[in-house]
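Participant: Please find one structure pasted underneath; my questions will follow.
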Amino acid sequence: MLPLAATAIYAFLHLPLLVLAVFSVNSSRFTLWEGFSLRWYRAAFEDQQLIEATANSLLIAAVATAAAAVIGTLCAHALWKKDAPIITMSLSLSLVTPEIVAGISLLALFQWIFRFLNIHLGLHTVILAHVSFCISFVVIVVLARLRTFDNSLEEAAVDLGATEWQAFCHVTLPNLMPAIVSAALLAFTISFDDYVITSMVAGVDSETLPMVLYAIARRGANPVVNAISTIIVLALGAMILASERLKES
Amino acid sequence: MKRLRLLFLLPTAGILLLLFAVPLCILLVYACMTRGAYGGTMPPFTGENWLRVLDPLYLGIVGRSFLVAGVSTLICVILGFPLALFISRSGTRKNLYLSLVMLPFWTSFLVRTYAWMFLLRDTGLINTTLQAMGVIHEPLPLLYNWWAVILGLVYGYLPFMVLPLFSTLERLDPSLLEAAADLGARPSQGMLRVMLPLSAPGIRAGAILVFIPCLGAYLTPDLLGGGRTILIGTLIQNQFSNSRDWPFGSAISLALMALVMLLLWIQVRRKGEPLL
């Protein structure tokens with residue numbers, strides 16, 4: 001009885017994406033099966049707007065992830081030594097803040113600052129927003145790893161004459177690397193997928209892949225979206241599996 | 001020692017201050033101002049926006065959001081419980097089964113919502129298949145209604161229910177169920193009167209984790225509900241785009257934020273442990 005129910009729920013979780021993948025290689029424009037074809041993949045790779053949006057998304061995710069990984073790791077290390085209640089609380093709060101509220105408050109901030117500085121919305125505002133929501137994920141993953149790490153290793157290094165900084169760089173950091181990469185992969189997938197916050201703080205020239213997909217999805221069925229969706233799921237899925245592996249190792 | 005720690009905390013503190021605390025403060029200021037003739041915000045300062053949140057029209061939307069989030073959470077419990085129980089009893093395959101729950105969750109929320117549009121729309125897979133088979137002649141109105149929204153929310157946040165439930169069920173001592181059986185309880189009784197109460201902390205944690213994002217959801221009601229299903233998220237978005245009423249939009253945003261904080265505070269206080 002229980003395995004049966006579990007199988008049904010797993011089917012519920014995975015079938016919709018599987019169906020999407022199957023129909024991405026359907027030669028028909030409509031939702032009836034007419035035979036295998038890669039035409040929608042070709043159409044996706046020839047679409048200039050899609051390519052530009054993907055490039056934007058990759059750039060944003062890469063920069064935001066790198067920044068969040070560095071900043072979040074430092075923060076996790078400091079929190080591991082001693083809790084800083086205000087920072088911990090703010091990080092948890094930013095984690096549960098509804099996306100729409102986060103997006104709108106950031107938009108308000110940027111508009112307000114830019115009134116004084118004469119800067120416009122663009123890739124840089126999107127990157128800033130992404131850094132802010134990626135940090136929490138990095139801190140969670142890295143802190144979890146640090147809690148299983150033996151503090152005496154760092155102390156031993158200091159006793160042997162290393163400075164605090166040297167002990168961090170040469171002892172703790174190498175041990176943390178798998179967790180940091182795992183956290184970075186996670187942050188990358190979150191950044192790459194974000195629509196709500198991004199669409200609020202993006203300028204006219206900084207359209208991202210989720211924004212393009214959203215626009216097409218609203219207009220109606222388009223098999224090209226099936227093709228792109230399948231690529232996204234496969235790529236992000238591979239990253240998540242790699243992240244899980246690293247976290248366990 | 002101490003100096004390095006402060007140096008490590010500084011970047012995060014700076015970003016939290018600049019990109020989290022200050023923006024919320026700006027919203028707070030906006031929420032007390034008046035809407036300009038062409039949108040934007042102007043003095044005089046007023047408490048009117050806060051009173052407007054209590055208008056029956058908007059309270060109706062808030063109530064509906066609670067209802068939709070509540071029903072979604074309930075369905076998540078019903079689906080999540082057997083799944084979590086199954087995983088907690090699956091021995092060495094535990095990690096594999098957990099990954100299978102998390103995998104779709106992390107691979108793109110937008111794509112997963114689109115997948116349901118692909119299945120549910122008038123010319124979608126379900127309708128065209130049923131019509132081809134001659135079961136129905138007119139397409140069923142599956143998309144753009146409340147049930148489509150709830151389906152999308154359940155699909156989107158089910159993993160948030162499974163994870164905490166799994167961790168409480170995993171710690172549950174199986175001998176308690178055996179004891180209940182020895183004392184004459186039928187399996188269903190053991191389930192309802194022993195296992196369910198003992199897994200209450202997991203259900204509570206999962207319920208909060210599902211309820212909060214459902215309450216503020218924007219993408220799901222927008223795509224699966226069409227324009228017909230207004231929830232708090234949509235209401236906020238509308239104030240900043242179509243209606244250009246930033247002060248009122250700010251007031252609703254902060255009211256939602258306060259609600260989320262209250263729910264979180266209740267949960268943290270009950271469990272007595274931090275979220276991070």
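Every residue, even glycine, has its Cβ placed from backbone N, Cα and C.
From TrEMBL, for reference:
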DOMAIN    B:62-267  domain 'ABC transmembrane type-1'
TRANSMEM  B:63-85  transmembrane segment
TRANSMEM  B:97-119  transmembrane segment
TRANSMEM  B:146-166  transmembrane segment
TRANSMEM  B:196-219  transmembrane segment
TRANSMEM  B:246-266  transmembrane segment
Participant: Count, for each of B:63-85, B:146-166, B:196-219, B:246-266, the Cβ pairs lying under 8 Å from the transmembrane segment (B:97-119), and report the range with the highest count.
Facilitator: B:146-166
Participant: Does the transmembrane segment (B:196-219) come close to the transmembrane segment (B:63-85), meaning at least 3 CB pairs under 8 Å for residues 6 or more apart?
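Facilitator: Answer yes, regions in contact.
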Participant: How about long-range neighbours of the transmembrane segment (B:196-219): same chain, 6 or more residues beyond its ends, C-beta under 8 Å?
Facilitator: 65-66, 68-70, 72-73, 76-77, 80-81, 84, 109-110, 113, 153, 156-158, 160-169, 172, 176, 231-234, 236-237, 256, 259-260, 263-264, 267, 270-271
Participant: If we skip the immediate neighbours and take only residues 6+ beyond the ends of the transmembrane segment (B:146-166), which ones have a Cβ under 8 Å from one of its Cβ atoms?
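Facilitator: Same-chain contacts beyond the ends: 68-69, 71-73, 75-77, 79-81, 83-84, 87-88, 98, 101-102, 105, 109, 112-113, 116, 120, 199, 202-203, 205-207, 209-210, 213-214, 217, 220-221, 223-225, 229, 231.
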